[in-house]
Amino acid sequence: MTLQEQIMKALHVQPVIDPKVEIRKRVDFLKDYVKKTGAKGFVLGISGGQDSTLAGRLAQLAVEEIRNEGGNVTFIAVRLPYKVQKDEDDAQLALQFIQADQSVAFDIASTVDAFSNQYENLLGESLTDFNKGNVKARIRMVTQYAIGGQKGLLVIGTDHAAEAVTGFFTKFGDGGADLLPLTGLTKRQGRALLQELGADERLYLKMPTADLLDEKPGQADETELGITYDQLDDYLEGKAVPADVAEKIEKRYTVSEHKRQVPASMFDDWWK
């Protein structure tokens, strides 16, 4: 088995999917998991990008079906901007599409800036823009877990195969969640699910961005990665890609393994 095949298997990627079937499977997963845990529903941060839009709509479909079956669950969508978000219009469009039971907005700027200032005062140096970006991601997850803990809700994560293979998420930030309904999907497969669900094409054709950096607001994921999502998707779907691209992907996969594992102990061997 080639490394490419090993990665596809580890990340549960299917080269070809039926969007209708995948939607049904993922809604059923959300329903089964929330029932099994006894939780009262879900909470998810909504950025206006493809991934949170898809996960949010799947979550809303799941809670509506459970209520129709006599259950009592809810879904809260959370906006978590740092000051004014450049693509706020897209976030509002996503919320309109998702139709969450409840939506709330937390501006994380005061919390992030207060921490950054205290860090500088105590340690005598400013956080790098990259590190501050990770603080933003972790404050967003703190907020979602506060809501979840207070109301008995599960935190949904938006990680999918194209992020997982590169480790392109913040450890214990957007990588922190209770369940991951998009696992195994490539970026283009996620787009296909949104198309099937009737989303505005603006929500899945827009340039993907983590938008965590003050110095480079709205920087494209592909710029930061040095790899395009089409290349990642081709690789994950078992297609041929240029040797240098495969090497980049496989190197990122190897060095980011710790992000896909629980914290290492001396009894684990995945890190050796």
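Glycine residues also receive a Cβ, built from the backbone N, Cα and C atoms like all the rest.
The ATP site recorded in Swiss-Prot comprises GLY45, ILE46, SER47, GLY48, GLY49, GLN50, ASP51, SER52, LYS187, THR209 together with one of THR2, THR74, THR143, THR158, namely THR158.
Ranking the binding-site residues SER47, THR209 by how many Cβ atoms sit within 10 Å of each one's Cβ puts SER47 at the top. Looking only at other Cβ atoms within 10 Å, the busiest spot among the binding-site residues GLU163, ASP178 turns out to be GLU163. Closest in space to ASP51 (ATP binding site), of the binding-site residues given as GLU163, LYS171, ASP178, HIS258, LYS259, is GLU163, taking the CA atom of each residue. The binding-site residues shown are GLY45, SER47, GLY49, GLU163, THR209; of these, the one with its CA atom nearest the CA of ASP178 (deamido-NAD(+) binding site) is GLY45.
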